[in-house]
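Participant: Take a look at the following structure, please.
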Amino acid sequence: MKFFVLFLCLVQLWGCHSTPVVLGLEERNPACDDPETEAAALAGVDYLNQHVRWGYKHVLNQIDKVRVWPRRPSGEVYELEFDTLETTCHALDITPLANCSVRTVTQHAVEGDCDMHVLKQDGQFSVVFAKCESTPDSREDVRKVCPQCPLLTPVNNTKVVHAANAALAAFNAQNNGSHFELLEISRAQLVPLPVSTYVEFAVVATDCAAADGTDPACSGPPKKQYGFCKATVAEKLGGEEVSVTCTVFPTQPVAPLPQPDAASSANPPPAADPAVSPPSSPSVPVDSVALGPKRVLLPPPVHREHYNLRYSFPDVDSASGEAFGPRQKPKVTHPGVASGVGPVPPPPCPGRIRHFKI
């Protein structure tokens, strides 16, 4: 009897090994311009823009690499490398990304470089790992295209800080509504001719009227209405001329900032730039991940020409157990049977350039 039971076990074991290989359990290398690859990359760009706390929104420019891994028990993960370009829409602007203009080379463009892992499950995309950096175009390349165009200058430059404060004071003097205070200086350029300072900055409304802006109590939270200003402060004999235009965004309810795989986190309003914020304003807490080791989202450095995308994400992976680092492959069981005869040439990558390359 024992021999018969053992024989049945061996038969079942042999049957398991002789089962045909199930397709779809191996790594795939789709084309960078494949519609599904682009959909995964666009999901990554949306995730990026949801987490940008300073500076500007970004758009997809080019997909450099893609690998697709199966994920047990279901779904698959797109391992992506793609480039982005900075737009003229501020991170707090509610304008749809499709309506945002890409910053041109003559405006000193900024390029982003992202590594993301995007999970596709039940037809839905979600980001499980994200890492991005961004750099402005080189000064030499800008000069080749436009020798006289002004270049980016550090936002803590004394002329830049003065221009932002002077422009904000002029806006508050003309504004009959709420008093606004400086939230961040987003970018700046020193213009040689005519001698002037161009600055773009974000503002936030206080609970006081513009006429009462000098009252210390006017700095109290909550601050739910933001605006974005563009200003030029021209140097004149015996003084200066200030030109400023501000767009005030509709009041938005404070919503929780999404995290990969629905990991919960606190969501305070964007933190003010410590280099330009009023001394009396309270420090704003930054995001912290609720699960696992506590790691915070560090503010960008004070001396900078742009807001690097590296400060958009906390230094932590997804709270999901399926998340993995940028160079760590997910655990995959590869079949023991060859899937094809001979080496298969990789599909075309990188993909097309949607705007321009810098």
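Glycine is no exception: its Cβ is also placed from the backbone N, Cα and C atoms.
Feature table excerpt (Swiss-Prot):
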type	residues	note
COMPBIAS	267-282	compositional bias 'Pro residues'
DISULFID	CYS32-CYS349	disulfide bond
DISULFID	CYS89-CYS100	disulfide bond
DISULFID	CYS114-CYS132	disulfide bond
DISULFID	CYS146-CYS149	disulfide bond
DISULFID	CYS208-CYS218	disulfide bond
DISULFID	CYS229-CYS246	disulfide bond
DOMAIN	27-133	domain 'Cystatin fetuin-A-type 1'
DOMAIN	144-254	domain 'Cystatin fetuin-A-type 2'
CARBOHYD	ASN99	N-linked glycosylation site
CARBOHYD	ASN156	N-linked glycosylation site
CARBOHYD	ASN176	N-linked glycosylation site
REGION	257-288	region 'Disordered'
REGION	320-350	region 'Disordered'
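Please go over these features one by one and say how buried each is and what sits next to it.
Facilitator: DSSP assigns CYS89 (disulfide bond) to a strand.
The DSSP secondary structure for CYS132 (disulfide bond) is strand. Around CYS132 (disulfide bond), taking its Cβ as the centre, 24 other Cβ atoms fall within 10 Å, counting all chains.
Cβ neighbours of CYS149 (disulfide bond) (same chain, under 8 Å, six or more residues apart in sequence): THR106, GLN107, HIS108, VAL142, ARG143. According to DSSP, CYS149 (disulfide bond) sits in a coil region rather than a helix or strand.
Its Cβ taken as reference, CYS246 (disulfide bond) is surrounded by 20 other Cβ atoms within 10 Å in the chains shown.
Along the domain 'Cystatin fetuin-A-type 2' (144-254), the predicted structure has mean pLDDT 88.
In the three-state DSSP scheme, ASN99 (N-linked glycosylation site) falls into the helix class.
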Participant: Go through CYS89, CYS100, CYS208, our disulfide-bonded residues, and report the one whose Cβ sees the most other Cβ atoms within 10 Å.
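Facilitator: Going through CYS89, CYS100, CYS208 one by one, the largest Cβ count within 10 Å is at CYS89.
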Participant: Tally of helix, strand and coil residues over the domain 'Cystatin fetuin-A-type 2' (144-254) according to DSSP?
Facilitator: 26 helix, 50 strand, 35 coil
Participant: What recorded positions among CYS146, ASN156, ASN176, CYS208, CYS246, CYS349 are found with a C-alpha within 10 angstroms of that of CYS114 (disulfide bond)?
Facilitator: none
Participant: When you rank CYS89, ASN99, CYS208 by Cα distance to CYS229 (disulfide bond), which of the recorded positions ends up on top as the closest?
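Facilitator: Checked the recorded positions CYS89, ASN99, CYS208; minimum Cα distance to CYS229 (disulfide bond) goes to CYS89.
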Participant: Find the one among the recorded positions CYS89, CYS100, ASN176, CYS208, CYS246 whose C-alpha lies closest to that of CYS32 (disulfide bond).
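Facilitator: Minimum Cα distance from CYS32 (disulfide bond) across CYS89, CYS100, ASN176, CYS208, CYS246 lands on CYS100.
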